[in-house]
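For reference, the structure discussed in these notes is given below.
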Amino acid sequence: RRCTDIICCVIFIVVILGYIALGVVAWVHGDPRKVIYPTDSYGQFCGQKNTLNKNKTILFYFNILKCASPVVLINLQCPTTQLCVSKCPDRFATYIDVQASYRYRPDQWNYFRQFCKPGFNNPRKSVAQVLRDEDCPSMIIPSRPFLKRCFPDFSTKNGVLTVANQTTFKDGRGKTRNVTDLREAANGINNVLDARSVGMKIFEDYAISWYWILIGLFIAMMLSLLFLVLLRFTAGVLFWIFIFGVIGIIGYGIWHCYWEYDHLKGIPGSDLTVYDIGFQTDFKVYLQLRQTWLAFMIILCGVEVIIILMLIFLRSRIRIAIALLKEGSRAIGYIMSTLFYPIVTFLLIAICISYWAVTAVFLATSGEPVYKVMANQTLCKYANLTCDPETFNTTNVTKLCPGAQCTFAFYGGESLYHKYIFIFQLANAFVFLWLVNFAIALGQCTLAGAFASYYWAYRKPADIPLWPLFSSFGRAIRYHTGSLAFGALILAIVQLIRVILEYLDHKLKGTQNSFTRFLLCCLKCCFWCLEKFLKFINRNAYIMIAIYGKNFCTSAKEAFFLLMRNVVRVAVLDKVTDFLLFLGKILVAGGVGVLAFFFFTQRIPVFAQEVPMLNYYWVPLLTVIIGSYLVAHGFFSVYAMCVDTLFLCFCEDLERNDGSTAKPYYMSASLHRILGKKKLSPKKA
């Protein structure tokens, strides 16, 4: 063997180094605290250490009535002053009342001013000026912290919405308002709180049932192993039972259609045609016509004849497919370590996802605070324009747009780095897709090399290498990193284009241009088909790389033409394999799911005392079912790779060898018997 696709290998290594450099740059400029901590109107973090806000961890809104809903409060900027406070208000109060009682009850002012701008301590300032400059809120209402933000302390009393047991409050502008003015916010907050309550209960269920969930997944793993082992003996039986079951069901359908057709004979109106009665929304009308049942019978007869003819003419290929499935089970039995290789692929993909997510967060939080004019008037021409909070009050904006504020909007910047953050995010996504596809390609090539070493061992298992999986992994890394990266690169480009098309489709969803939507739909469909085709080609190319050690293009070409020369065998093998593996997944997930259902619902008397008390028994039940399916999928993906590898080896064996002493077949005796060719040459002792 020699190194293949060296140029692509060098580019791949350079890209990885550049990806690391991008992560470092993002780490230097980014600050994930911008996502974790709420930010006040001055762009400062609430609760940030070594700042004036270190003990002020909660965000307070001067006038929460200006905020449409909690979604706006959390994700967008509410057009009101936002301040970091140490605790939320616990009483009703207005600036007018506090100012009026300042001389007699200064303690009320001392409490109220902690919700004013830092440094403001002038209760004699006129109410109009205070509200204009937003030095203090016009009112405070009892609130409680949620998501590090102060929300009104809503509750219901006898079906009536209240805040601190009151249904009305003063808005600080001379009006008495009903708390139902906050109903929109109340409903949103209650939904979020309900979701949090459900989330806590689900967490509790996981905390007390994790042990039994692991036991269920272990049972799924053992059942998957057992199913793979039994396929050596039951693959043919399962397949033929299914086929004859389908034939029997279709046969019954033909008989039933004939019975209905004969039963309707002589009934008035049954001899009408579908054309005579036209289109009817009630489908039962068509079932009263003899013509309908005659059509059903003809269709079912056609399907039955096609299935029987396929079985007659494709019987040898079906037998070969079943023999390959059995041979795959035998190969896995000799190389059991391959069943656990998906764990390596999972870890590699988990590392890629983690690095991509962290880099994306740091890139998204790279920037300086950007302030924009937040105006209550929709016609204000300065609305959404950038501003400077230090000089905002000296400009004419407040005069032309009364109530406008210079409020923190988002993080950005005008430097070269900040201008290309979107490009960096795109590069981050592209390299992430490339690395994920490379991890999958490495797993496929490694498994293919291990199973190919089994097939091409003349004396099985004596000639199988000592550590076939580790040897194959070493060969893939040492010689074929470039080829695997090349195949992953092609797939990543197509996937990135699909992501961009999905983004454009989402942005243009509201457009009325039918041609644009049609064009996008066609492009999405074409690239989806292209991705599926490339995955198929790449998978078989990696098998050829593992067998012969050639470069990617040569391996892809040879694999493609080899499959085209055996296209019928490919189709039969794929369908037989897909059916048996799907059946295995359903059996494993369904069997473990039924067992888990009876266990968590205390229907197994022996274990009734061991069942934990759960809020929702469906939480561990669904976890066990989904986890069992994923466990079975992991094991069966190895089996599918094994069968595909053995099939390509089998096709190569048929084309390169003739069973003579000089060119003996490497296939198993069962495959050779199915082919009906001359006997295997005697194997050397």
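Just so it is clear, glycine is given a Cβ too, placed from its N, Cα and C backbone atoms.
Remember, TrEMBL labels are computer predictions, not curated facts.
What TrEMBL lists as transmembrane segment is 7-28, 210-230, 237-255, 293-314, 334-358, 431-458, 479-501, 579-600, 621-641.
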For the transmembrane segment (293-314), sequence-distant contacts whose Cβ falls under 8 Å of one of its Cβ atoms, 6 or more beyond its ends: 243, 246-247, 250-251, 253-254, 257-258, 260-261, 264, 287, 568, 572
Tertiary contacts of the transmembrane segment (479-501), as residues 6+ beyond its ends and Cβ separation under 8 Å: 1-12, 426, 429-430, 433-435, 437-438, 440-442, 445, 520, 523-524, 527-528, 530-531, 534-535, 538, 541-542, 545-546, 549, 551-553, 555-556
Per Cβ pairs under 8 Å, the stretch of 7-28, 579-600, 621-641 packing most closely against the transmembrane segment (431-458): 7-28
Tertiary contacts of the transmembrane segment (7-28) (same chain, 6+ residues out, Cβ under 8 Å): 355, 358-359, 362-363, 366, 417, 424, 427-428, 431, 434-435, 438, 481-483, 485-486, 489, 552
